[in-house]
């Protein structure tokens, strides 16, 4: 076992080495042994969809619903779009409504992943598997799957969720906008048309038609809670922040990123960028907070772990920095920058131990 609790079985499951997994299990390896972050081998196999490894682990007593901060193996498979792996887990009665502190439900996890590079067709396949396994399409945690799908413009997923009984009148928690208002705020006519038949009229829209809703959303008198989702303003602020970083004006950049975050508090990139700025202006603790926010929003993105590790190095918390860089390496073992910083953190930890 390594310093962070990663066993040979974890590594073999991550790499999909079925024969090695079988050998280790035959020789007493514990399929439910957790590493320091709380992952078990089944979590590792889920990241790359090693379904044969999953079948073997489950047949040897692996807990199908073992959870840690990022959730159960079903959460991990869902966020990576590993539908076949999900099917294996669901056939073994994995709980489709289990809640993860970082990802919400598996249904929300796969929908959010579709905004981060997962093709909508794959996300839809995962959504169907979960709904067929009785995932709650109206679970509020904090937002419903329909709110999430609408926010990301996942038209096919919106259509499927509505047919599966999703309630189109449950609003987004942070601002109170219902799905049709969100869709209209983005100017997505097709989504508005899909949502219109099942949505109750609101007092703020005088002409309750598809055209009326779209016109209201685009007018200068539109409800601020919908305007909050406008991409243009956030993009302008982000670009302004990026330019300020290019000029090494980190204080100005930090302020611009802060304004952008106020418009969209769920954008992990903004927290990552602000974390960089906070570190450059000597606010390491704030940089760490932003890095943690980034990881919470996008737990499978390397950048958050890199930012966290660098912030911890600045705070001379070398052991925790090692753990952050190692978590990043587990996501991408080939990342040169992450490996370099991991080794620097180890050396710093050794020197700190000698001096103390």
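A Cβ is built for glycine as well, from the same backbone N, Cα and C atoms used for every other residue.
Under the heading repeat 'ANK', TrEMBL lists 4-36, 37-69, 69-101, 141-173. The repeat 'TPR' annotation in TrEMBL covers 302-335.
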What residues in the same chain, six or more past the boundaries of the repeat 'ANK' (69-101), come closer than 8 Å to it by Cβ-Cβ distance?
-> 37-38, 40, 42-43, 45-51, 54-55, 58, 107, 109-110, 112-113, 118-119, 122-123, 125-126, 129-130, 133-136, 139, 141, 296, 299-300
Under the DSSP assignment, what numbers of helix, strand and coil residues are found in the repeat 'ANK' (141-173)?
-> 16 helix, 0 strand, 17 coil
Residues of the same chain, at least six outside the repeat 'ANK' (141-173), with any C-beta under 8 angstroms of its C-beta?
-> 99, 104-105, 107-108, 111-112, 114-115, 120-121, 123-124, 127-128, 131, 179-180, 182-183, 186, 188, 190-191, 194-195, 198-200, 229
Long-range CB partners for the repeat 'TPR' (302-335) (under 8 A, at least six residues beyond its ends), listed in sequence order, are 3-4, 6, 14, 36-37, 44, 47, 268-269, 271-272, 275-276, 278-279, 284-285, 287-288, 290-292, 294-295, 341-342, 344-346, 348-349, 352
Across the repeat 'ANK' (69-101) the predicted model averages a pLDDT of 94
Checked against DSSP, the composition of the repeat 'ANK' (37-69) is 16 helix, 1 strand, 16 coil
Under DSSP, the repeat 'ANK' (4-36) has how many residues in helix, strand and coil?
-> 17 helix, 0 strand, 16 coil
